[in-house]
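*Asks:* Positions annotated as transmembrane segment by TrEMBL: B:12-31, B:43-71, B:91-113, B:120-140, B:185-210, B:231-255, B:328-348.
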């Protein structure tokens with residue numbers, strides 16, 4: 001048994017879980033073409049959820065702050081991007097791929113900018129006064145979530161908003177009898193780029209070194225003379241911007257969004273963060289991909305169980321590893 | 001916390017409690033319209049619901065977002081039993097017991113799995129569990145009626161047409177202009193069962209158990225070191241408050257004669273409870289009463305006020321939208337944040353420390 005776990009550890013340990021999951025699903029589904037479609041859908045959903053969840057996990061890891069209002073950034077990102085895309089409808093409709101991608105780029109950029117600004121506001125006004133007090137943090141951020149949802153309702157109204165998307169991302173590639181939605185590939189690609197960027201930032205740069213040191217031992221970093229509060233504002237803004245980006249991508253994926261979007265995604269984000277372990281982006285990515293794959297496989301195999309499956313998955317993983325698969329926090 | 005037993009603030013709060021209790025007791029006679037009775041019954045139910053939540057958040061320091069889930073178990077238990085078995089006391093009993101049983105099992109499982117981890121994990125896990133139950137309730141539509149909910153009849157005693165006392169002409173007797181009919185009986189059923197539940201919880205908070213819970217809230221590792229098994233106590237109080245919420249749900253289901261996601265399970269109710277407990281004051285049962293009274297009144301009457309304000313400011317951009325009656329949560333949210341910053345003890349806690357000797 002020890003030898004087995006050692007061998008497994010050498011080949012990636014818990015990182016193998018998605019592969020195992022995919023293999024089991026392959027046997028259960030039986031049809032390779034549906035399996036490929038579902039796997040790609042799961043991976044792209046996982047990547048979008050990763051965008052939304054990574055900030056939450058980092059912020060908790062670095063500062064021991066849990067932001068229950070995180071889903072507000074997701075909703076705002078989605079609605080801001082939808083508004084920009086709607087305003088640039090002329091560019092989207094034109095035949096030029098360049099103009100259409102410029103519109104998409106601007107929409108995503110608007111979401112990111114909004115996320116940065118909202119993150120700065122949130123951190124300094126809402127969260128700063130309640131550092132180190134979990135009970136009040138939960139309450140305050142919950143209150144901020146209520147207010148943000150009401151602002152979204154006041155500005156965009158309660159009716160569903162259609163999100164136009166560039167025509168070159170619509171449709172699907174057909175290879176043999178496998179169909180692959182282009183938008184999913186795009187979402188996966190963007191998620192992978194962001195993950196690589198974050199990974200390099202955290203593991204190869206000086207700022208990343210400080211962030212990781214801060215996660216490990218905050219007081220020690222402070223006593224060495226670094227202003228960890230400023231670093232924290234930066235991480236918080238980055239996390240909010242990523243959540244807004246994730247929300248924007250999700251809006252394009254769903255194409256019809258309601259103000260309830262943030263709340264719905266928040267549950268998934270929480271489950272991902274808990275499964276992955278707080279504080280590490282690798283853990284978050286792992287959790288997001290596992291959740292994405294499970295959601296799609298179960299959605300195909302037993303649609304009624306789709307949402308409960310995430311919950312069962314979380315319970316199972318928590319019983320096996322109480323602090324998640326790859327936690328960075330003590 | 002300072003000694004708050006003999007301050008004039010405490011006297012004021014307790015006087016307020018007596019007034020509220022008297023107002024609720026005589027509500028059918030004092031406010032003779034249908035809407036007011038609806039408000040009074042809702043206040044009774046929410047006092048129990050918020051007090052049971054306060055056992056968790058205020059006395060033990062556990063943040064759960066699954067409290068409406070237990071309320072919903074109770075509601076749906078009574079509703080399904082009344083629908084399937086017809087209106088009768090046996091259905092009420094079976095439904096209530098089934099609700100309690102489900103609540104107990106779920107609370108024990110969640111508690112044992114997740115109460116040993118950090119408070120924040122627990123909050124997240126309960127949030128996830130509650131949302132899964134919400135989705136399940138709308139999916140299992142053959143049992144729960146889905147989004148539409150279930151309508152059913154309450155036991156015959158509570159029918160509006162039921163005459164409790166008749167005069168010589170066979171007409172229903174009026175006392176001070178109030179018809180002694182089934183509606184009155186239903187209200188007093190709600191009032192007295194809520195009162196009983198509230199008193200039980202009040203008794204628990206002043207018992208040795210209540211003291212242990214406060215010790216856990218103040219310093220978990222110290223309580224553990226003295227020899228109290230923190231996880232066991234937390235799980236126990238989680239189950240206790242789940243049962244109280246479940247019974248409150250059953251009572252509300254009998255009163256409303258309708259149960260659906262919006263009245264029994266939605267996240268909006270959880271937010272209401274949270275607002276009530278924080279506005280009223282965490283860690284005192286009186287706070288639950290104050291919070292529930294203020295919030296329910298605001299829900300019913302503030303909206304009218306805001307509608308007027310919205311029309312008055314129609315020419316200013318954005319403000320009318322924010323003042324629209326549907327946006328009342330926006331303002332309550334802001335009040336909520338300010339209260340958590342500046343008066344973390346809420347109304348009851350702040351008032352009770354007035355006049356305290358340092």
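Using the three backbone atoms N, Cα and C, a Cβ is placed for every residue, glycine included.
Nobody curates TrEMBL annotations by hand; they come from automatic prediction.
Note that the coordinates shown come from a computational prediction; the quantities given were computed from them, not determined experimentally.
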*Asks:* Give the one range among B:91-113, B:185-210, B:231-255 whose Cβ atoms make the most pairs under 8 Å with those of the transmembrane segment (B:43-71).
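*Replies:* Checked against B:91-113, B:185-210, B:231-255; highest Cβ contact count belongs to B:231-255.
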*Asks:* If contact means at least 3 Cβ pairs within less than 8 Å, sequence distance 6 or more, would you call the transmembrane segment (B:12-31) and the transmembrane segment (B:120-140) in contact?
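*Replies:* With fewer than 3 qualifying Cβ pairs, these stretches do not touch.
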*Asks:* Relative to the transmembrane segment (B:120-140), which of B:91-113, B:185-210, B:231-255, B:328-348 accounts for the most Cβ pairs at distances under 8 Å?
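*Replies:* It is B:91-113, which has the most Cβ pairs under 8 Å.
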*Asks:* For the transmembrane segment (B:231-255), which stretch among B:91-113, B:185-210, B:328-348 has the most Cβ pairs under 8 A?
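*Replies:* Answer, by Cβ pair count: B:91-113.
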*Asks:* State the residues, same chain only, that lie 6 or more residues beyond the ends of the transmembrane segment (B:91-113) and have a CB under 8 A from a CB inside it; answer 'none' if no residue qualifies.
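*Replies:* For the transmembrane segment (B:91-113), the list is 66, 69-70, 73-82, 84-85, 125-126, 129, 155, 231, 234-235, 238-239, 242-243, 245-247, 249-250, 253-254.
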*Asks:* Looking only at residues six or more beyond either end of the transmembrane segment (B:185-210), which have a C-beta under 8 A from one in the stretch?
*Replies:* 21, 24-25, 27-28, 37, 40-41, 44-45, 47-48, 51-52, 55, 59, 154, 157-158, 162, 164, 240, 244, 247-248, 251-252, 254-255, 285, 289
